[in-house]
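As recorded in Swiss-Prot:
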ACT_SITE  Glu375  active site, proton acceptor
COMPBIAS  793-805  compositional bias 'Polar residues'
CARBOHYD  Asn53  N-linked glycosylation site
CARBOHYD  Asn536  N-linked glycosylation site
CARBOHYD  Asn546  N-linked glycosylation site
CARBOHYD  Asn660  N-linked glycosylation site
CARBOHYD  Asn690  N-linked glycosylation site
MOD_RES   Tyr781  phosphotyrosine
MOTIF     778-786  motif 'LIR'
SIGNAL    1-17  signal peptide
Amino acid sequence: MSSSSWLLLSLVAVTTAQSLTEENAKTFLNNFNQEAEDLSYQSSLASWNYNTNITEENAQKMSEAAAKWSAFYEEQSKTAQSFSLQEIQTPIIKRQLQALQQSGSSALSADKNKQLNTILNTMSTIYSTGKVCNPKNPQECLLLEPGLDEIMATSTDYNSRLWAWEGWRAEVGKQLRPLYEEYVVLKNEMARANNYNDYGDYWRGDYEAEGADGYNYNRNQLIEDVERTFAEIKPLYEHLHAYVRRKLMDTYPSYISPTGCLPAHLLGDMWGRFWTNLYPLTVPFAQKPNIDVTDAMMNQGWDAERIFQEAEKFFVSVGLPHMTQGFWANSMLTEPADGRKVVCHPTAWDLGHGDFRIKMCTKVTMDNFLTAHHEMGHIQYDMAYARQPFLLRNGANEGFHEAVGEIMSLSAATPKHLKSIGLLPSDFQEDSETEINFLLKQALTIVGTLPFTYMLEKWRWMVFRGEIPKEQWMKKWWEMKREIVGVVEPLPHDETYCDPASLFHVSNDYSFIRYYTRTIYQFQFQEALCQAAKYNGSLHKCDISNSTEAGQKLLKMLSLGNSEPWTKALENVVGARNMDVKPLLNYFQPLFDWLKEQNRNSFVGWNTEWSPYADQSIKVRISLKSALGANAYEWTNNEMFLFRSSVAYAMRKYFSIIKNQTVPFLEEDVRVSDLKPRVSFYFFVTSPQNVSDVIPRSEVEDAIRMSRGRINDVFGLNDNSLEFLGIHPTLEPPYQPPVTIWLIIFGVVMALVVVGIIILIVTGIKGRKKKNETKREENPYDSMDIGKGESNAGFQNSDDAQTSF
């Protein structure tokens, strides 16, 4: 047999083997899809029941259903790993196997998987049920939603915002801290079991794309693209930041630095994520009609159902389908009135079997009106790819899913659209001033959140990589917050806190970079859809409602789900394969030009050294080695606890003796910041149970003076090795003369004048006496040699005796 015949037979054999492998894989996937949909639905339904009725019973049922789904998925994942991807030629089969070969948390042992689920459920419960009590009215204890969110959205009282902000992090964040530490360890272990470097690397894997002709994209490119686009956006953000800072100085004149960072609790919501609620304080042209239509919605009697009905009308107007009957029957669109504890954070649910729902404690506001469009955008995406195989029912990447609803929000927020649905009056006229008002409102929501998102995810990526030890989580968090976002903590936080986990997405295990990438994508999509709608004009004025051409172009992309590389799906809509920030910058260009003009005489950027509590802080410097030599001990967290407790003791003593008040200061009321390795730091003191009441520095100094010796003795140091800079180094208060300094000086001068007069008088008397003596006979003792210093005291004139002045 010729060599060519052998080659032909070999190729046939290989092709036959590949065909059998692919056929077996296809059969396996068909069986998986049928069984997976049922088990996934039961798990999702149990999760829905828990999120809409938080009870121990529902938590247990959710855990049981999740365990069944996890066990099934683990088994199927192992089977999928037996198929060689090199032998699979059909792309859609290969993509499903690739997805299933990633076993997720099933890669952990059964015990660790159970532990991880318990941690996640506990964190979710703490977040959803956490309460903060008003220090001025301890009986008034508020959930985040509704309650604290209202304070953070509307209050302009600095101290009210502060106790809500701090209380949420103290009550919830501190409880989450040990759980989040365990979560990081287990998630990293899970990621490595799935052949990723860490959990951040695992998350970024969602952006990987394989495909011919340049559609490839690796997860490291995501980091590069995020860094690149953020650098392009930063100048716009810096000018927005400078403008907002100047406006906030009008509302909080004593609490804002004209060159410093912005206090985190003044930025519109609990996290400073969206600055939307700052619009009333920063509106450029307040005399113009209000483009925030909240009042119009209230006056017209809108409710939650009306909000979602209007959102549905928008999607239908571009040719997308109505919501299902089950959606309206099963969704939770308002907070239940029956007292159930629920997770209010808005989420869209694709439970499977055509069951689509939204969970949201809707309020009648423009912000919630736009949020409804966003969440319904998720549902539209879910419905569009519902015919894809189970494993491909997802967005092209996570950012695509978030972007779809945001596209609709861009159009729904335009004055043109609001006018068309009666939320702006028919005689509303757009001009350059209303244009700037509109763009600023959009920027507060869209541009203001980008550094927040970027910085949060960068911090988590560094934590998962082990680049930030857990002993420095909060220190690094606030350093990065100051440097990247230009935001400063209103109170210093030590390592007992877990401020990142005070955000829903962190405590509930969501990747967050999706909210950054979605913002870039949404403007790319918007530009392309406006072109499809044959719109000519400024991008920020485009409203694609009623354009079925735009809707069909979008639907084509949505229907793909995750069956194609996201780079290809993006190209199908926008004609490009990568993130491009230019459409976003074009959208905001008129505002950017205006902001630069407004900021001509303002400092643009921020000084990271400034803090709201700097004026009341006292610096401490400790010299252990110079004081104790070989006996010097290490300054640890325990030593810091002892220091704070000692100051708390001093404050109790001072208030008891000087003010005749019993005030139960604790170590937690002594706020320490800026700890340096050479042992120096700052501290100030707040009232117990009321963080917004800062004790004046002068009173803290008096308390330290009163107890200085006791504090020194605790650490075996003295005034020179335990320095309170600015406080006199003595056990007693500095000497205060009983009369003023000028009076003392005047007295000294007058005394010298009197003494001078006396000397002149005495000298005159002596001179006269000497003249009289020359008339007497010669002194018999003139021949005596007195050069040797001898004198006869018996004959010394009493007036010549030496007397000290």
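Including glycine, each Cβ sits where the backbone N, Cα and C put it.
Known features from Swiss-Prot, placed on the structure.
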residue : record                       : DSSP class
Asn53   : N-linked glycosylation site  : coil
Glu375  : active site, proton acceptor : helix
Asn536  : N-linked glycosylation site  : coil
Asn546  : N-linked glycosylation site  : coil
Asn660  : N-linked glycosylation site  : coil
Asn690  : N-linked glycosylation site  : strand
- Query: Tell me, what is the mean pLDDT of the motif 'LIR' (778-786)?
  - Reply: 40
- Message: Nearest by CA distance to Asn536 (N-linked glycosylation site): which of the glycosylation sites is it, out of Asn546, Asn660, Asn690?
- Response: Asn546
- Task: Mind giving me a neighbour count for Asn690 (N-linked glycosylation site)? Other Cβ atoms within 10 Å of its Cβ, every protein chain shown.
- Result: 15
- Count of other CB atoms lying within 10 Å of the CB belonging to Asn53 (N-linked glycosylation site): 16
- Taking only the Cα atoms, work out how far Asn660 (N-linked glycosylation site) lies from Asn690 (N-linked glycosylation site), in Å, as a whole number. 20
- Message: Nearest of the recorded positions to Asn546 (N-linked glycosylation site) by CA-CA distance, picking from Asn53, Glu375, Asn690?
- Response: Glu375
- Spatial neighbours of the residue listed as 'active site, proton acceptor' that are distant in sequence (at least 6 apart) but have CB under 8 A: Pro346, Thr347, Ala348, Ile358, Met360, Gly405
- Largest tally of Cβ atoms lying within 10 Å of a Cβ, found at which of the glycosylation sites Asn536, Asn546, Asn660: Asn546
- Can you grab the distance from Asn53 (N-linked glycosylation site) over to Asn690 (N-linked glycosylation site)? Cα atoms, rounded to a whole Å. 33
